[in-house]
Amino acid sequence: MKLAVDTHTHTYASGHAYSTLIENARAAKQNGLTLFCTTDHAESMPGAPHYWFFSNQRILPRFLEGVGVIRGVEANILNTQGEIDLHPSVDHNLDWVIGSFHEPVFHPADKAAHTQALIETIKGGRVDALGHLGNPHFDFDFEQVIACAKAHNVAIEINNSTLKGHSRVGSIDRCYEIARVAKSLDAYITTGSDAHFCLDIGGLSLASQLIDEVGINPQRVITHTARQFLDFLELRGRQPIEEFAGLL
């Protein structure tokens, strides 16, 4: 499946990534993306940027190198109450919020705790997608969580970096099963490279392969076209982004 949007990318501001936003935009252009989301880690991750970094994203231009820039964050799920490490005052300056588990922030517990945390995060209404869910350290009830995500219009991320097999080892089979459950429940799917270096921006071939093999309806893959992604943001209650009105 052709994918026009990469919804999970990092700059060197994350503390363990190595490229600038301009470098990422150039790579996005070279790789044929229409839009990309810049989603540095929120402040609870070691080395992550300060609150102001996210609050000030309103100054970012809507296009860099001819590619649309979606202002975002990868927030950390903090606890079983579904709290995330992003002050609510930042929300109106961002277009896209991923909620993810990371071991340095949320210590792996048990399946019930992870399931509760994900469900409460969804119900909290502040995240647009759940990131890299395949991690076996954070097992959860696939059916319960994805059904809740479907009910609240929260997308399930297929993470290309995970599918390489080098990070979150043991995730690949789980990613395929998560995708199959998402297909059966007609949930929304998003795709992210999780790039920590510019040459990986738009690298979504393994995510695309998974989508094709599982047979997910392109209409449920919000990154299939820029318009599908922008329509999803509006479905989530975001205001239309005027500069992107002409994107297809």
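Placement of Cβ uses the backbone N, Cα and C atoms for every residue, glycine included.
For the Zn(2+) 1 site that Swiss-Prot gives as H8, H10, E74, the extra residue drawn from D173, D186, D194, D200 is D194. Zn(2+) 3 is bound by E74, H132 in Swiss-Prot, and the record lists one more residue there from H50, H102, H107, H152, which is H102. When H166, H196 are compared with the Zn(2+) 2 site residues H16, H41 in Swiss-Prot, the one appearing in that site is H196. Apart from the site residues H8, H10, E74, D194, the chain places the Cβ of T9, S14, T39, D40, H41, I98, G131, S161, G192, S193, A195, H196 no farther than 8 Å from the centroid of the site's Cβ atoms, the recorded Zn(2+) 1 location. Cα distances from H196 (Zn(2+) 2 binding site) to the binding-site residues H8, E74, H102, H132 are smallest for H8. Within the same chain, the residues at least 6 positions away from H41 (Zn(2+) 2 binding site) whose Cβ sits under 8 Å from its Cβ are H10, S14, G15, G47, A48, P49, V73, E74, N76, H102, listed in sequence order.
Using a 10 Å radius centred on the Cβ of H10 (Zn(2+) 1 binding site) and all shown protein chains, the other Cβ atoms total 26.
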